[in-house]
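K.L.:
Quick one: this structure, given as C-alpha cells, is what I'll be asking you about.
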Amino acid sequence: MKKQHDTIIVLDFGSQYNQLIARRIREFGVYSELHPHTITAEEIKAMNPKGIIFSGGPNSVYGEGALHCDEKIFELGLPIFGICYGMQLMTQHFGGKVERANHREYGKAVLKVENESKLYANLPEEQVVWMSHGDLVTGLPEGFVVDATSESCPIAGMSNEEKNLYGVQFHPEVRHSEHGNDLIKNFVFGVCGCSEGWNMENFIEVELEKIRETVGDKKVLCALSGGVDSSVVAVLIHKAIGDQLTCIFVDHGLLRKGEAEGVMKTFSEGFHMNVIKVDAQERFMNKLKGVEDPEQKRKIIGNEFIYVFDDEASKLQGMDFLAQGTLYTDIVESGTATAQTIKSHHNVGGLPEDMQFKLIEPLNTLFKDEVRVLGSELGIPDEIVWRQPFPGPGLGIRVLGEITEEKLEIVRESDAILREEIIKAGLDREIWQYFTALPGMRSVGVMGDERTYDYTVGIRAVTSIDGMTADWARIPWDVLEKISVRIVNEVKHVNRIVYDVTSKPPATIEWE
C-alpha cells in the first residue's frame, strides 16, 4: 500500500487477538499492518513505520518452540509496545526474568497505575483490563520501571521511556479492557507521534489500482452469495475491471428464505453484472448425506463450491482468477503460521490443491465493520450493506449433525421469523448477528392436548464490533416471546425454543 499515511507495524506472535490490534489502530485513522514475527529489521526499516507492536501469543518465551524476532528490531530506534507475550519477549531480550505464574490469569482484572508513563497519560489510576496469560514478568530488565500492577500480577505494565519501550501483561485491544483503546491511542499518538490520515477512501483508491495491476486484461470469477462480503467484493472488482468480471451464484440449497431470488434481482438487474446462476442443490445434498462432523461438512461444502466453479469455468473462456470475500477475521479463526486453529473457515479451508484459479481476496485486510463502511462508500444499498453476516456453508452449519431437507426447512422458516421480528422491533442495527440453529435434539411437549416429541430451535443473537469478541444480545422479553410463539405455531415439528446466552469467548458465534 502506498505510504501516504503514518503506519504502525504489528508483529504476529500467535495471539487470536492480534488482528484486533491493527483494527483498533485503524479506527483512529492510522494505517496498521500485521506481519509475521519472522520479518527482518531491514524489511521493517524499508516500510518506514512510526512504531512497532508485539502481539501476544500462546507460547512461553523460555519454552521449546518459543517464537522470537530479529533482535536488530530493538536497534531500529523505533517505539515498541509489547502486549502479553510481547512484553515477556522484550523482558527476556533486555535481561529481565519471566516465570510461569502460580495461577493462570484469564478474564477481567483491576489494574492499578503506579507510574504515569506516556502510555497511561490521562487514564484513571484504577481500571478494568482483560488478562489472558500463564507466565509473568518477575524481574524487570535494567532501565525499566513498573507502570502498573494487579492483584495477581505485580508487574502488569512496565516502561523504559528513554528508549520508548513499553509493555503490558493484559490485552488492551480486547473491548473488555475498559480503557484499552485510550491506552493504544496514547502509544500511537503520544509515543509514536502519528497523525490521522488513513480512511476508506484511501483503501478504495489503492485497492482498485491493485486489482487492475493484478488482473491486467485477464478475467475474474466471483463467488457471489448475496451476503455482505461477496457483494462488496463483486462491486469493488466490477468498479475496477468492469465486464472482465463474471459472477457465479451457486444455489447450494443451504440459503436463507428468499435469498436466491433476491441475489439475481439485485446484482443482475440492479448492478448490471454478468451473473450466472447454478442450481446445485441436489449435488450438495448428495455429498452431505450421512455426514455429521462439522469440520467435514465445512470441507465438503468448500470443496464442492470450488468444483462447481471448475465446472462452470470450463464452459467459459479464459477465467484466471477466483474472487473471494475472505476477511481478516476469517484468516485468524482458521489459524495462521502462529495462531492456534479454532475452526477451519469456509473462505480458507476446503480448497483443493489442484484448484485451477488464482485467488484474489481484496477484503482480506478488513474487518466486518470496515467492509460495511466500504460497501456504503461504493454506493451499495443499505439493505445489502447491513445484511446479516452469513457463513459460506450457509444453513449447513446451523443444522447440527446430519443435514436433511426437513431440518433445513425448520431452520430456514424459523430464521425468517426471527429476522422479521427483529426488524419489526427496530433491533436489526443494534444486534450484530442473529439467527436460529437446530441442535438436533428432540423433547416432549403438549400441543392441542396431544403429546409431541419434536425439535428444539436455538436462537443466537450477539452484539459485536468485528466478530473477534461478542456478547449475547439482551433482546427484550416481549420480543423473544413473540418470536418463540410464532416459531412454535408456524414451523412444523418444533415444540421448544431456547436462547443462547454465551459470549465469545468461550463460545464461537456460530454453533458449528
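Heads up, the Cβ atoms here are built off N, Cα and C, so glycines get one too.
Sharing the features that Swiss-Prot gives for it:
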{"type": "ACT_SITE", "residues": "C84", "note": "active site, nucleophile"}
{"type": "ACT_SITE", "residues": "H171", "note": "active site"}
{"type": "ACT_SITE", "residues": "E173", "note": "active site"}
{"type": "BINDING", "residues": "S225, G226, G227, V228, D229, S230, S231", "note": "ATP binding site"}
{"type": "DOMAIN", "residues": "7-197", "note": "domain 'Glutamine amidotransferase type-1'"}
{"type": "DOMAIN", "residues": "198-387", "note": "domain 'GMPS ATP-PPase'"}
K.L.:
How many other Cβ atoms sit within 10 Å of the Cβ of H171 (active site)?
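P.N.:
Counting Cβ neighbours of H171 (active site) within 10 Å gives 23.
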K.L.:
To the nearest Å, how far is the Cα of V228 (ATP binding site) from the Cα of E173 (active site)?
P.N.:
25
K.L.:
In three-state terms from DSSP, label H171 (active site) for me.
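P.N.:
In the DSSP reduction, H171 (active site) maps to coil.
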K.L.:
For E173 (active site), just count the other CB atoms lying within 10 A of its CB, please.
P.N.:
28
K.L.:
Do you know the mean pLDDT across the domain 'GMPS ATP-PPase' (198-387)?
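P.N.:
Summing pLDDT over the domain 'GMPS ATP-PPase' (198-387) and dividing by its length gives 83.
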K.L.:
Going by DSSP, give the three-state secondary structure for V228 (ATP binding site).
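P.N.:
Its secondary structure by DSSP: helix.
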K.L.:
Given S231 (ATP binding site) and E173 (active site), what distance in Å do their CA atoms have, once rounded to a whole number?
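P.N.:
Distance between the two Cα atoms comes out at 29 Å.
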K.L.:
Give the three-state DSSP assignment (helix, strand or coil) for the residue listed as 'active site, nucleophile'.
P.N.:
coil
K.L.:
For the ATP site given as S225, G226, G227, V228, D229, S230, S231, which other residues of the same chain have their Cβ within 8 Å of the site's Cβ centre?
P.N.:
L224, V232, V233, A234, G325, I384, R387, F390
K.L.:
Could you check which of the active-site residues (C84, H171, E173) sits closest to D229 (ATP binding site), going Cα to Cα?
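P.N.:
Checked the active-site residues C84, H171, E173; minimum Cα distance to D229 (ATP binding site) goes to E173.
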